[in-house]
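Peer 1: One structure is given below, represented as structure tokens, and several questions about it will come after.
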Amino acid sequence: MSQHDTAASEGGLENLLHEGRSFPPSAEFAGQANTGPEIYERAAADREGFWAEQARELLTWSTDFSEVLDFSGAPVARWFADGRLNAAYNAVDRHVEAGLGDRVAIHFEGEPGDTRTLTYADLKDQVSRAANALAELGVRTGDRVAIYLPMIPEAVVAMLACARLGAPHSVVFGGFSAEALHSRIVDADARVVITADGGYRRGKPSALKPAVDEALAKGGPVEHVLVVERTGQEVPWTEGRDVRWADALAAAAPEHEPVPVEAEHPLFILYTSGTTGQPKGILHTTGGYLAQCAFTHKYVFDLKAESDVYWCTADIGWVTGHSYVTYGPLINGATQVIYEGTPDTPDKDRWWEIVEKYKVSILYTAPTAIRTCMKWGAEFPERHDLSSLRVLGSVGEPINPEAWMWYRQTIGAGRTPVVDTWWQTETGAIMISPLPGITAAKPGSAQTPLPGISAEVLDERGQPVPDGGGGYLVLTEPWPAMLRGIWGDPERFHDTYWSRFEGMYFAGDGAKKDDDGDIWLLGRVDDVMNVSGHRLSTTEIESALVSHPVVAEAAVVGAKDDTTGQAVVAFVILRADEQQRVAEIGEDIVAELRAHVAKEIGPIAKPRSILVVAELPKTRSGKIMRRLLRDIAEGREAGDVTTLADSTVMDKISRGMQR
Ligand code: WTA
């Protein structure tokens with residue numbers, strides 16, 4: 001990254017923008033890609049016509065639609081509203097009908113090393129039986145079903161079984177507490193919960209069913225619990241309420257007629273956290289959502305369904321698992337890998353072993369995972385043949401240029417395109433991303449709205465910023481997979497997303513346009529700091545820290561400061577494979593890193609304090625919980641830690657702080 005010292009006076013986003021590297025696709029990749037640059041022109045010339053084409057080409061409709069978009073009830077859009085279709089039919093049956101029943105849909109790898117292969121024909125059988133079993137338990141079209149499962153094939157089967165009946169699912173991440181599960185069940189008014197005895201994590205069985213029992217003991221609408229047997233561990237049992245998944249499926253017929261629903265019929269509710277403590281039930285419907293999932297999965301990853309092996313490491317408990325494990329890949333008839341456990345069980349090369357074993361060609365993961373692998377060192381991927389990989393994707397937070405480079409070089413052998421995909425639970429599918437056969441990719445930038453998507457960066461007053469300027473990311477036109485609201489709270493939907501800028505969707509992310517007009521995401525607006533009147537992005541300082549050879553991962557927060565308003569406080573994890581270098585720097589490590597940030601960005605960005613830690617507090621979806629770090633940095637007890645993947649991390653960090 002280039003050195004400069006003007007950032008302080010210009011507001012401090014310059015570090016990212018001096019990232020000048022660019023990686024155009026090879027002629028070979030571009031030559032075989034699913035599309036060329038004309039796709040942007042086609043979409044720009046007739047946006048609605050373009051989406052109608054995609055919806056008809058990528059989905060099978062039981063009743064064709066005549067209307068594409070109706071936004072007269074803005075901000076709630078209706079796409080393809082008079083069409084009818086069924087999501088499970090599109091994801092499963094039609095592939096079997098097309099003679100692809102023997103194609104592998106899912107290569108499942110359990111954490112203990114057990115494996116299962118499900119073809120599309122197997123999936124059809126399982127999903128049909130599960131739909132019949134749910135119907136037997138009283139689930140009707142429109143009823144909500146909660147799903148609380150580990151990453152096992154039944155998670156996908158359960159979602160599709162609900163979709164087959166037109167019963168919206170509400171997946172609750174398997175790591176969430178009984179309390180969180182209870183509030184989501186009550187809010188969605190779910191009548192059935194699908195769960196498992198437990199799943200394998202970090203080398204041992206981890207129970208799930210007791211949390212369901214605890215949640216249901218608080219009361220609520222649930223009549224039945226379907227229990228998958230995964231670990232075989234003892235679980236409490238409530239006769240009459242609890243039903244064994246295996247028994248119910250065995251008793252059910254393998255034939256089930258999918259229910260064609262209106263395009264705007266709710267497909268799922270997925271809870272996500274907002275700026276308040278109360279989670280929002282994000283509502284997605286069927287036709288538009290599936291069309292954009294299929295489109296983005298096909299073009300962003302350049303999917304060749306007949307030959308690729310695709311692996312998205314996300315859990316189905318968050319939106320990436322919905323759109324890019326369950327719906328996108330299966331609608332497109334892809335073959336995918338599902339892995340149950342953690343990346344370091346039994347050893348830190350588990351992911352790379354899986355890539356080699358299944359010849360994974362498309363890998364989609366999160367920056368936090370990439371940085372963790374960087375921290376562990378290149379020796380782990382180097383143990384395996386990763387030459388099957390041809391496209392790498394990133395999602396979930398801004399990816400630091402150094403992590404991007406490491407991903408491309410160390411995992412992709414300097415050969416694979418990397419697509420940095422920006423989107424949200426609310427957007428349903430990828431919105432801003434390079435296309436791997438077209439875009440000259442810039443490390444750290446999501447760059448370009450996809451064909452058919454319109455985004456802009458606005459200043460405080462709602463004016464588009466010029467190239468080189470920074471502000472707030474908005475989406476200026478409705479898109480097919482957009483959320484249709486917050487379950488049960490239309491007012492909050494309007495206030496959260498549609499009130500900041502008239503007629504536009506406010507994403508809550510800061511962004512910058514570079515001199516080419518490409519978009520760089522800078523993190524949530526609430527993560528933007530103001531130090532002595534200078535606007536600094538947490539992401540930018542984190543990137544500067546990670547660009548130092550001994551730093552694996554960094555989290556930066558703005559802590560209240562009497563003189564400067566806010567002060568930069570950084571938490572860093574050092575690279576395990578650079579111990580020699582760390583030892584050489586010794587006690588001076590903090591001074592060295594502060595000087596490094598000053599050099600990379602400017603003195604204004606220099607952290608007031610830097611704490612070397614062994615771990616960072618992360619949610620189960622891998623997001624760093626800066627709120628907790630801010631508590632520590634401001635000398636408070638850390639707040640609510642219940643959504644942390646490992647709730648002991650904060651204790652360790654505060655103990656380190658007192659020393
Ligand atoms: C962030 C995950 C930068 C962003 C799909 C957004 C990103 C939030 C990127 C949504 C990216 C996601 N670059 N930031 N490529 N992808 N984000 O709802 O702040 O879990 O608003 O959806 O993650 O998180 P969510």
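Heads up, the Cβ atoms here are built off N, Cα and C, so glycines get one too.
So TrEMBL lists the following for this protein:
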type: BINDING; residues: R201, R202, G203, K204, T320, S532; note: CoA binding site
type: BINDING; residues: G396, E397, P398, D420, T421, W422, W423, Q424, T425, D509, R524, R535; note: ATP binding site
type: BINDING; residues: V546, H548, V551; note: Mg(2+) binding site
type: DOMAIN; residues: 38-91; note: domain 'Acetyl-coenzyme A synthetase N-terminal'
type: DOMAIN; residues: 99-487; note: domain 'AMP-dependent synthetase/ligase'
type: DOMAIN; residues: 540-623; note: domain 'AMP-binding enzyme C-terminal'
type: MOD_RES; residues: K623; note: N6-acetyllysine
Peer 1: Among the recorded positions listed here (P398, W423, K623), which has the Cα closest to the Cα of G203 (CoA binding site)?
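Peer 2: Of all the candidates listed, K623 is nearest in space.
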Peer 1: Other residues near the Mg(2+) site, CB within 8 A of the CB centroid of V546, H548, V551?
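Peer 2: Checked against the 8 Å cutoff, the neighbours are E402, A544, L545, S547, P549, V550, A552, A554, V572, L593, H596.
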Peer 1: When you put T320 (CoA binding site) at the centre and draw a 10 Å sphere around its Cα, which of the recorded positions T421, T425, R524, V546, K623 have their Cα inside it?
Peer 2: T425
Peer 1: Per DSSP, to which secondary structure element type does T320 (CoA binding site) belong, with helix, strand and coil as the options?
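Peer 2: Assignment for T320 (CoA binding site) reads helix.
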Peer 1: Could you give me the DSSP helix, strand and coil counts for the domain 'Acetyl-coenzyme A synthetase N-terminal' (38-91)?
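Peer 2: For the domain 'Acetyl-coenzyme A synthetase N-terminal' (38-91), the helix, strand and coil counts are 25 helix, 7 strand, 22 coil.
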Peer 1: Go through G203, G396, P398, the listed binding-site residues, and name the one with the sparsest Cβ surroundings, counting other Cβ atoms within 10 Å.
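Peer 2: Candidates: the binding-site residues G203, G396, P398. Fewest Cβ atoms within 10 Å: G203.
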Peer 1: Just checking: which of R202, K204, V546, H548, V551, K623 have a Cα that is within 10 Å of the Cα of G396 (ATP binding site), counting only these recorded positions?
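Peer 2: Neighbours among recorded positions, in sequence order: K623.
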Peer 1: Using a 10 Å cut-off on Cβ-Cβ distances across all protein chains shown, tell me which of the recorded positions (R201, R202, R524, H548, K623) has the largest neighbour count.
Peer 2: H548
Peer 1: Could you list, ordered by sequence, which of these recorded positions: R201, R202, G203, T320, V546, K623, have a Cβ under 6 Å from ligand 1?
Peer 2: T320
Peer 1: Enter the number of other CB atoms within 10 angstroms of the CB of T421 (ATP binding site).
Peer 2: 23
Peer 1: Within a 10 Å radius around the Cβ, which one of these binding-site residues has the most neighbouring Cβ atoms: T320, T425?
Peer 2: T320
Peer 1: According to DSSP, folded down to helix, strand and coil, what is T425 (ATP binding site)?
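Peer 2: In three-state terms, T425 (ATP binding site) counts as coil.
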Peer 1: Of the binding-site residues listed here (K204, P398, T421, W423, R524), which is spatially closest to V551 (Mg(2+) binding site) when Cα positions are compared?
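Peer 2: The answer is P398.
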Peer 1: Rank the binding-site residues V546, V551 by the number of other Cβ atoms within 10 Å of each Cβ, and give the residue at the low end.
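Peer 2: Selected from the binding-site residues V546, V551 on minimum Cβ neighbours within 10 Å: V546.
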